[in-house]
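Colleague: Sending over a structure as structure tokens; questions will come in a sec.
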């Protein structure tokens, strides 16, 4: 922790070279069959302003990796640096607090960050505008649709004012049309804010649609299997031929990784 | 987050997106509406009124047909006479207030003790292991059992009454909070931690509000226990030094072989207990559940 803080101080003065640095990280959990290795020697850098997706089948430990970067759990070996401070994290479920309105959910994040009372309301309104939910300040969580909830959750994550946004399959539970729209919104907000994003998914097309770089993890244990740089210009669409072509190639590799597990 | 510039191409595209999104939001928006008063009257008020009326009718028929004796079941009119008698003497509200004020004060004390206790038991493993089972067990002990020791400790006074109320109500309030906290979805706690709500800030901003529905259920039960404990204390430990409460009213009725008075006291105890629940706890509980979208529409 001390090293992270030192790095943070250093990072704010000097030019930052990375938003997250994952070095030789391994993680094992003790289960009924003894210790089980979930992540094996993962090394990965996310550059400032970069959009990286981590792709993998079940059991590749992608959520575990995100939890480690978020600081919710500690690696068994290796180190993780996030010079921009505690990263913001978005879950597959919206995780909004139902006892607060949409606006108050965002204000709670601001308050916990230490924003003065008078500034919270205008800042919350601004963030709601950013996710195009300007009129929803007073709405209760159960009054919002699934897509709206995830946008409020995104606004709440942005309220943490972290330079790194971690996303754990945030659109997996949405219908296809809504997911498509939120891809567009996320790309727009990413471009506007200059955030670094580390996005976990099992959906290859989603990964290619969003990212500048796609990292494929193998399963049990999770290792970095292969990386692709995506230089298709934004704004992309999930139906674009370029997106489809690269998705096909990545899918073949993903299937190869999965097939290996059926062979013994 | 400083720059909001976008290229013309992106703007054109995002305008499309904005329109699409506005359409989706409008289509998906959850419709909420209030139940009209008439419907509330028919569905919520009418059934209990009917049930009570039926009980009263059966009662009156039993008395009128002389199926029971007057010494076993007093006539409704006799109970009504007792009531109006007390009202005319001006003692009715005084007696009710003596008990209600004791009960509510005792309940608030129990709240002040039970809440931090519940939080401790729920959040500190050692405390839970140490006193969790005892707290659970205490709930099954009839609070009337505490009256004899409380009389020996304090004599016949209000301190004795409050002791009995506390021993009855604190465990159920604390247990309500514990089960409320145990039922918090882990996701809220994780989300709270990523936002930086840990320790006391986590307790205040995440744990307590998230546990509120279970806590309120505990409070309702705590009130029921407070009221029952108080009545037990008032019936057993009646003394002229203590103001006349509903429990003493009941005990006096027995001593004077005044059956209508005994029935009146029982009915008053029941009505007050229900009224406090209906006027205070149920509205708060409904408001909390509704604001979280947890109240199922019938």
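Glycine is treated like the rest: Cβ placed from N, Cα and C.
Just so you know, TrEMBL annotations never went through curation; they're auto-generated.
Sequence annotations record features per position, and here TrEMBL assigns transmembrane segment to B:45-64, B:103-122, B:134-154, B:160-181, B:262-282. Look at TrEMBL and you will find B:96-280 tagged as domain 'ABC transmembrane type-1'.
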Colleague: Where among B:134-154, B:160-181, B:262-282 do we find the most Cβ pairs under 8 Å to the transmembrane segment (B:103-122)?
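Modeller: Of the candidates B:134-154, B:160-181, B:262-282, B:160-181 scores highest.
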Colleague: Should anything in the same chain at least six residues away from the transmembrane segment (B:160-181) have a Cβ under 8 Å from its Cβ atoms, list it; otherwise answer none.
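Modeller: Contacts of the transmembrane segment (B:160-181) (Cβ under 8 Å, skipping residues fewer than 6 from its ends): 102-103, 105-107, 109-111, 113-115, 117-119, 121-123, 128, 132, 135-136, 138-139, 143, 146-147, 150-151, 153-154, 207, 210-219, 221-223, 225-226, 228-230, 232-234, 237, 242.
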Colleague: What residues elsewhere in the chain lie close to the transmembrane segment (B:262-282), defined as a C-beta under 8 angstroms and at least 6 residues from its ends?
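Modeller: Sequence-distant neighbours of the transmembrane segment (B:262-282): 74, 79, 82-83, 86, 95-96, 99-100, 103-104, 216, 219-220, 223-224, 227, 231, 246-247, 249-250, 253-254.
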